[in-house]
Each structure stands twice: as structure tokens, then as C-alpha cells.
Amino acid sequence: MHNQAPIQRRKSTRIYVGNVPIGDGAPIAVQSMTNTRTTDVEATVNQIKALERVGADIVRVSVPTMDAAEAFKLIKQQVSVPLVADIHFDYRIALKVAEYGVDCLRINPGNIGNEERIRMVVDCARDKNIPIRIGVNAGSLEKDLQEKYGEPTPQALLESAMRHVDHLDRLNFDQFKVSVKASDVFLAVESYRLLAKQIDQPLHLGITEAGGARSGAVKSAIGLGLLLSEGIGDTLRVSLAADPVEEIKVGFDILKSLRIRARGINFIACPTCSRQEFDVIGTVNALEQRLEDIITPMDVSIIGCVVNGPGEALVSTLGVTGGNKKSGLYEDGVRKDRLDNDDMIAQLESRIRAKASQLDEARRIDVLQVEK
């Protein structure tokens, strides 16, 4: 319900990872990566399905060996979300997973062998309509670039990326996206800015090895937020030393905060003070867990008193303003009811679910009318 101008996205070409469009104005895709042993098919499939349930558009799977490639075949048969195979050093693994229906190959052309082996992988990708992600990382820069620049710099990451881009250009292959990741926020941001000026391919964003759940989320929000606010980025991954499910949640939270892509409820809640009339923190924590299944975009404000509550409620889908024993409930900016403070969680959950159903039905009718 806010009316700020939308962020102007950088123009880029369009590729597809499975059925997911990437670039050229397509919704920014949110992805994660499994951290199970790929050869443990059951565990990997379960984790991929858990990621899909919280909204993952794409999932990357490490395929370091031929045994892992054979496991990948079984995994691919049991999931519906597009899969990216992460491959280094052995070109034969790339050829094998291509046979098994991989949706995207994450490689660096420079580390999978000589020109003939690179050509074999690219020709296979072209024949099977499989895109490639070039993944440059500050932690694995080529030795000559480390010697040339002394340390990872934006110019070093750009030069590395352009080497790999040139490999694919020489082979007339244009179905690829590029990433230039670093664990340092400023290094990553400046590297992406430079790259965005050099090529028009889709860019995959990430602050690599960002840290644990809290610190990693903060670094990613700052780094990715800066780039996204400048219109840079077509897919993203939040890299956390945590459950991969949290990566998807944080990724969508970043996009929601910038009003780029909405999924689920955007909770607005006060940090509380002695003026709060009900347990705001407990209410928000409970509702975030209970309502994770709702994917309908909604703004829900939960404010403990009348200082800021009415103002936030005016621009929320649903809003609660704390009052003595009963709190005001607003819907689309209009006060509609009063809720008992002692039963706030259950009452709000019921109202939010009802509103989500109402919005879903309205969208369904709109779609039917457009189709007519």
C-alpha cells in the first residue's frame, strides 16, 4: 500500500533454468544449495522438498564425483524444482548430469580442462538447451590474478569473470549467467557493479561464506540490498552456515523489504516499551511460525500502543493497535473491530487467514476475467 516508484531493473538477456525465467525483467529468483551428501539420495531429496515448500525457485546440488552424478539422476527423478549441478575440475561429470536432465550447470570453464573439453561441455549444453552459470569466487581466484593484484580486488574478480565469458563467447554460447561472489560486502558489491557495466547477461547475486544465521543474514541484506536497490541482479542466494531453509526465508525477506517481490506476510512490529498493551513480541514470534504456510503477499502491522499504531495500520493490509484490555483491528486502513488482548494470537491468526483467502479469491476472479 506504499506508493514509492519501483526500482528500475538493469536490462539483461533472458535464459531459462528449467521452467524458471531468468533476466529480462523476470521475477528475481531465490535459490539455495543442499548441504547433504549428494550420495545420500533420501536426505538430499528431503532437503530439496523442504526448500521448495518455503518457496525456493531453484536448488543447487554439489556433484563432486561420478557416484554423486549417479545419485543426482535419482534425485532429479524425485523432485520438481529446477536443479543446478555444481561441478568443478572433471568435465565428464558435467556431461553425465546433462544426460540425467540437469537444468543448469554451474562451472568455471577455466577449471574443467583444455579447450576441447570446454567445447564438449558447451556443445552438450547447447544441444540439450542447458544454461551455464559462471561462478567466480574471491576465495578461488586464478593464481596469476592473485599474483597480478596481490589480493582479491573488484578488478581481479571482473578480469576472472570476463575470461570465462570470453571462453563461452568464442564458442558462440550465450545461455549463461554470471556471479562474482566475495565474503567481503564491499568487494562483492563493487565487483558486481563493474560486471554489470561490462555484460548484459543475467547476474546471480550472493555474498559468499557470509557467516552464521544472524551475521550472514545481515551481510547479505546489506550487500544484496545495495545491488538490488540499484537494479542489479536477476537471481540470488543468501549463503548461511545454517539450515538452507533459512537462506530462502532471508532471501524473500530482502526482496520484500525492497518491494521487489512479495511472498507471504510482511510483519511490521514495534520493538515494544512500557506503553505496550499486549505481548507484541510473543504475538509476532508465534504468528510468524503459525503462518509460514501463507504465500499471499500481505502487510500486517502489530503495534503495542496508540502512538504509532494507527499510522502503521493505515498502510497495512491488517493492523493491530494496542489498547486497554482490547486492541483496535484495522483492515485496509479502516478500523473494523476490537480484539481481546488476552487472546490476541488466536484471533489475529484467524483474521489473517480469512483475509489471505479473500485476497486469493479476488486474484483468482481477476485472472479468470483477464482470460475471458
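Here the Cβ of each residue, glycine as well, is placed from N, Cα and C on the backbone.
Swiss-Prot annotations:
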type: BINDING; residues: Cys270, Cys273, Cys305, Glu312; note: [4Fe-4S] cluster binding site
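The Cβ of Cys273 ([4Fe-4S] cluster binding site) lies under 8 Å from the Cβ of Gly304, Cys305, each on the same chain and at least six residues away in sequence.
Within 8 A of the CB centroid of the [4Fe-4S] cluster site residues Cys270, Cys273, Cys305, Glu312, the other residues of that chain are Pro271, Thr272, Arg275, Gln276, Val280, Ile303, Gly304, Val307, Asn308, Gly309, Gly322. Glu312 ([4Fe-4S] cluster binding site) has a Cβ environment of 20 other Cβ atoms inside 10 Å. Glu312 ([4Fe-4S] cluster binding site) falls within a helical segment according to DSSP.
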